Amino acid sequence: MAAPHSRETRRLIRCEAPAATVPPSRNASPTRIVQSRPPSIAIPDEQAQTQSRHHRQLPKRQHPQRTIDQFWSTFTSKEPGKPFSVLPDNGYAKRAAAQTPTGVKNVLASYGEARASCEAKVAKIVKECRRTNQKYTDPHFNIEADFRRWVAEKNFSDCLMGLLDNQTQLRPASVKRVEDIFEKPQFFIEGATASDVRQGKEGDCWFMSALCTLSNKEGLLESICVARDEKVGVYGFVFHRDGEWISEVIDDKLYLIKEDFNEATLERNKWLELQNRTSPEEEYRTVMQTGSRALYFAQCSDPNETWLPLLEKAFAKAHGDYAALESGFVGEGIEDLTGGVTTELYSTDILDKEKFWKEELMNVNKEFLFGCGTMGGKHGERNGILEKHAYSIMEAREVGGKRLLKLRNPWGNTEWRGAWSDGAKEWTPEWMRLLDHQFGDDGVFWISYSDLLRNYQHFDRTRLFGQDWTVTQQWTSINVPWSVDYLDTKFKFTLTKQSEVIIVLSQIDERYFRGLEGQYEFHLQFRLHKDDEDEYIVRSHQSYYMKRSVTTELQLEPGDYTVLLKIIAKRYPDEWTVEEVVAKTCQFRREKLLRIGLSYDLAHAKGGFRELEVEKKEEITAERRRKRKETAVKMHQARVTLHKKQKLRTLKMNWKKQKKALKKMAEAAEEQAKQEKHDRNEQERQERPEKHDRHDTLEKRLEEFKLDEQEGLGIDVNGNGRSHSGVDVIKPPRRTETPEQIPVSSPPVGPPRQQRTDTWTHHSAMKQAARPPQSRSISSGSPFVGATPGSNMPRRDTLTIAPPVSIHSPGFGMPGIQVHKPSLSNGGRPTLSDISDDDLSWDSELDDPSDSEPEDSSHQQDTHGDPCPNNPKNPSSMEDESDDFGKDPWNAVCVVGLRVYSRDSELRIDVERGDGGPRNGDHNLQDQQRGLDVDDASKDPSREPVSPSSGKTEGGRGYAEASLMGVVLGE
């Protein structure tokens, strides 16, 4: 059929151009990028294994789940979005977005507005041209000026070529006005009929077939051509685009097949070779450039009828150029010309062929319009039916038990050669009279119903709407994830009365801005739910080839309904992005970019600039909530700082008191140590024996050391100034006043070590006091502590590390008590950083920080543990590696709209946004709505509950499982 080419083969010819302007090759697979590799070198297996081990980066290895999570975290863009405006300061798009209809309107209201606008445009142009005595020339689609520039510069043609096309197969030879082409031009001659349509050099058979189909219903084609002034050369048409009617105005210049006589070289020389010509130039023009047959594009069968080539030109202008009309579907063409809704049907999917014949095909040209085509093959023909070609179904008749259909080839020739074809044995004079048929190679033929289903696989059925139908629509933009599932963003509508409803989910028509489509292609699906029911009602009709819209038709009761969306995005990485196209075409194709860019902006304005009233209110409320939260956080931080300063002042005062107390205790201990040393020396002189035993045994010394370790310096435990061993203990001076609490360091880990020192001065005491992590005991004893009376070896003073004791403990002021310094960050002086928020006390719950406030990121724990301790975590390993998806992440954004046709004049559509974020409201209800389809293979493994409507309940399932368990256990 005139099936549209895929995005890889849409543009048929692309010649060489400057390196800066040629896009990447389209022949590469769209889902796999193959990089070139150096020539392979044969390496022995053992050597290869050794090299692979050497090249392994073991420190970068981590848990596989973490690797996958990090891959997906970089796969999708952190800032999803697409450009909604490619032109600078485009106020037209903003104004169009503000006027996008959202309420209930009659289906013909938009047509009436576009028709009135078109008539006003034509009237204004006619008035202006008559004032200046000039025929109308369209400055925005001037094919004559564009053609002359193209011929002279051998460069680009804005009216024939797309934005990214470097060359075209379309090769018209000249341009002339209607009055210079036709001898007696008339717009309509006996009305517009299917027999008038003949396809030209353009591959728009789908559009020609749509025109043939429309001609079967009286008044449809006439309603498209709404205004004209043939003398001035201005014509106005209306088309349906993205749920609205638009108008287009053109002049009367058309492309021709042959060159002008003065510009022709070879043709003119051949023409002049013929003798006996009185006026060679006039005769050349009459033969080569006169009548419908001289036109390069579509032409009417009558040599003086003009409606078809002018209508095709207006359609090409609306889409930017003639190249944009290449390939399409009959149903889409009918939609663009009638505003109807097309459903794609496949012949093998028809359940009841009898019902399809009686209820649908027999209503052709009444409620429905039909087109058909063959999708297989390679542009050949099968028994006269062309492959990949579109046909229009003009009539369906059931006569004498025979079911026959009348079809037409838009070429105007090449017909079916099977049963009921022209000249077939089935034809008799009676049948010729009953079917009003005449033989001829005009592209019109009859075929039986069974042969139709056998030879045509694809059908486009378009429903038409009357005055009693209303339409409501709403548009939005959605971030489409890589995973395929029903999205959080959904449409909701309320039906106030029972009505037949046609629901259409569509995306903006990319044909209007070819070249700016970007890298993503979208396929749409949806599912309809009623809010008070568990299971969905219906799913959208599956589309095989058409991707612009999906539909469903059904009868609905009054109530609230939700439409869940599923959008499947496909990426073509070799395509240029919108940003790249704008950057690379703004220099050498400015006029073309301005025209296509404006169409792009107007289309995307539906989902980009305009915001819903509900969303505006939610944004205002969220902004107020955010400001209140920021204010509360600032106030809380100020209170924390104030409390810390108060606590700091208290700590500084205590620190000064502790410092003074330690200084006094150190001085007292030093004086006492000096006195004891003096007394000890005196005692040694008096009790020293005349002879010293210089040969003490090692066992005796070890025994003395063991006693010393066991008894230490004799800490006073009983409080009477003596230890367990009865050795006197030095008591520090008692204080009548108890100072503030002195912070004590943490107890040392492991058994205490003995430290020996010869002297203990005031300087060493202060130095020890300034070391936060250490602790000391203020104790001194006789040099003979733990020694036998006969020992002549004096023992050194010992400083033992003892467990820490608070100064407020019951033993404070008693002998042997240790004093410890607090562990502070500023050399013992307290600062704000030493004060924890947990140490602060609050006057009331209002001062206490709220539980809802976010915690500091440093306190967040990693949710993915590493079960393999031999592989240490290395968060930077993924950052060091080359990550193609991190450089060019997934960023698919689709502008979609929901249209609901009904007979309810109060129907309203709202958008409930999600965009992948947390869903508000009843999570269970929303998860249940977003559940898998009933025919999804993962429905049962996911353990989704089955609704009672399907005959199974959760309780029933549980009873079955319990029964099975009972059998297994032998109950």
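Note that Cβ sites are derived from N, Cα and C of the backbone, with glycine treated the same way.
Annotation source TrEMBL lists active site at Cys205, His389, Asn409. Per TrEMBL, the feature compositional bias 'Basic and acidic residues' maps to 1-14, 664-697, 856-865, 905-943. Under the heading compositional bias 'Polar residues', TrEMBL lists 24-38. The compositional bias 'Basic residues' annotation in TrEMBL covers 52-64. The compositional bias 'Acidic residues' annotation in TrEMBL covers 835-855. Sequence annotations record features per position, and here TrEMBL assigns domain 'Calpain catalytic' to 135-465. The feature region 'Disordered' is assigned by TrEMBL to 1-65, 657-697, 713-889, 905-971.
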Rounded Cα-Cα span from Asn409 (active site) to Cys205 (active site), Å: 9
Number of Cβ atoms other than its own within 10 Å, given for Cys205 (active site): 25
Number of other Cβ atoms within 10 Å of the Cβ of Asn409 (active site) across all protein chains: 27
Number of other Cβ atoms within 10 Å of the Cβ of His389 (active site) across all protein chains: 23
His389 (active site) to Asn409 (active site) - Cα separation in whole Å: 9
